[in-house]
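Sequence annotations record features per position, and here TrEMBL assigns Mg(2+) binding site to Asp47, Asp86, Glu117. Per TrEMBL, the feature 3-methyl-2-oxobutanoate binding site maps to Asp47, Ser48, Asp86, Lys115. According to TrEMBL, the active site, proton acceptor annotation covers Glu183.
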Amino acid sequence: MAIKRVRAHHLAQMKADGTPITMLTSYDAITTRIFDEIGTDMLLVGDSYANVMLGFDSTTSVGIDEMVVATGAVARNAKRAFVVADLPFGSYETSHEDAVANAVKLIKAGASAVKLEGGVRMAETIRAIVNAGINVVAHIGYTPQSENALGGPRVQGRGDAAEQIRQDARAVQDAGAIAVVLELVPAPIATDITRELTIPTIGIGAGEHTDGQVLVWTDMAGMSDWQPSFVKVFGEVGMALKNAAQAYNDAVRSRSFPDSDHRFNQ
Ligand code: KIV
């Protein structure tokens with residue numbers, strides 16, 4: 001049966017059925033309508049909003065008020081997709097009270113779940129948010145909000161560190177997370193974790209055997225100057241937009257636009 005609106009139990013069912021879960025980031029009304037209409041299962045209002053849309057160097061620069069605005073734009077325009085909103089850096093580490101209060105803001109803006117970064121170290125925070133009746137998606141492996149502590153984007157869980165990633169995965173599931181993002185985790189470890197957990201795993205740079213995949217939409221659409229090696233560009237949207245804007249500029253400069261077919265009839 002076609003899903004009218006994706007809910008947490010549908011994601012669990014998709015894992016059980018072996019149906020791959022699709023997730024893309026989205027930060028505004030226009031892209032949300034497009035991704036939602038084509039049936040993308042999950043939309044992530046990621047804190048990558050900071051880099052992608054606001055032009056900051058780091059995800060840590062975005063705050064809860066900006067995330068609330070972006071979440072509202074996405075949630076108002078997603079008819080089917082399950083909307084996940086990132087709790088930004090500094091909005092949940094300080095206390096369980098802050099974490100719950102900020103998660104409530106994102107849910108009031110229309111999110112179906114909040115996402116936060118961290119495994120074992122964040123398990124009690126996840127539990128507190130879940131106890132407030134809020135769905136939590138966890139994010140482990142490479143966690144961009146800790147980029148300074150982790151020494152920049154790099155694969156996590158190689159060698160002895162694999163056990164830490166496994167413990168993180170178990171801890172977030174035990175704390176009540178409904179799904180977990182695995183970022184830059186070696187594929188064999190992501191595969192083992194996917195087999196072991198009962199909640200869906202969503203991979204980014206974590207191989208092909210996770211229950212779902214997520215990409216930053218501007219990366220997969222060819223809108224970024226640079227993308228990591230695990231990203232596939234599925235369309236040259238950046239080039240198409242450049243060409244359209246160039247054609248518009250040329251037409252205005254040559255006075256071939258507006259023309260007789262494109263005039264407001266007075
Ligand atoms: O903010 C984001 O875009 C993310 C994805 C990289 C998973 O967290």
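Placement of Cβ uses the backbone N, Cα and C atoms for every residue, glycine included.
Taking the features listed in TrEMBL, we show where each one sits on the structure.
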residue: Asp47; record: Mg(2+) binding site; Cβ neighbours (10 Å): 30
residue: Ser48; record: 3-methyl-2-oxobutanoate binding site; Cβ neighbours (10 Å): 21
residue: Asp86; record: Mg(2+) binding site; Cβ neighbours (10 Å): 30
residue: Lys115; record: 3-methyl-2-oxobutanoate binding site; Cβ neighbours (10 Å): 25
residue: Glu117; record: Mg(2+) binding site; Cβ neighbours (10 Å): 24
residue: Glu183; record: active site, proton acceptor; Cβ neighbours (10 Å): 22
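Residues Thr25, Leu44, Val45, Gly46, Tyr49, Thr59, Met67, Ala85, Leu87, Pro88, His139 surround the recorded 3-methyl-2-oxobutanoate site, their Cβ atoms falling within 8 Å of the Cβ centroid of Asp47, Ser48, Asp86, Lys115, which are themselves excluded. Put simply, of the recorded positions Asp47, Asp86, Glu183, the one whose Cα is nearest the Cα of Lys115 (3-methyl-2-oxobutanoate binding site) is Asp86. Note: the Cα of Glu183 (active site, proton acceptor) and the Cα of Asp86 (Mg(2+) binding site) are spaced 15 Å from each other. Taking only the Cα positions, the spacing between Asp86 (Mg(2+) binding site) and Ser48 (3-methyl-2-oxobutanoate binding site) is 9 angstrom.
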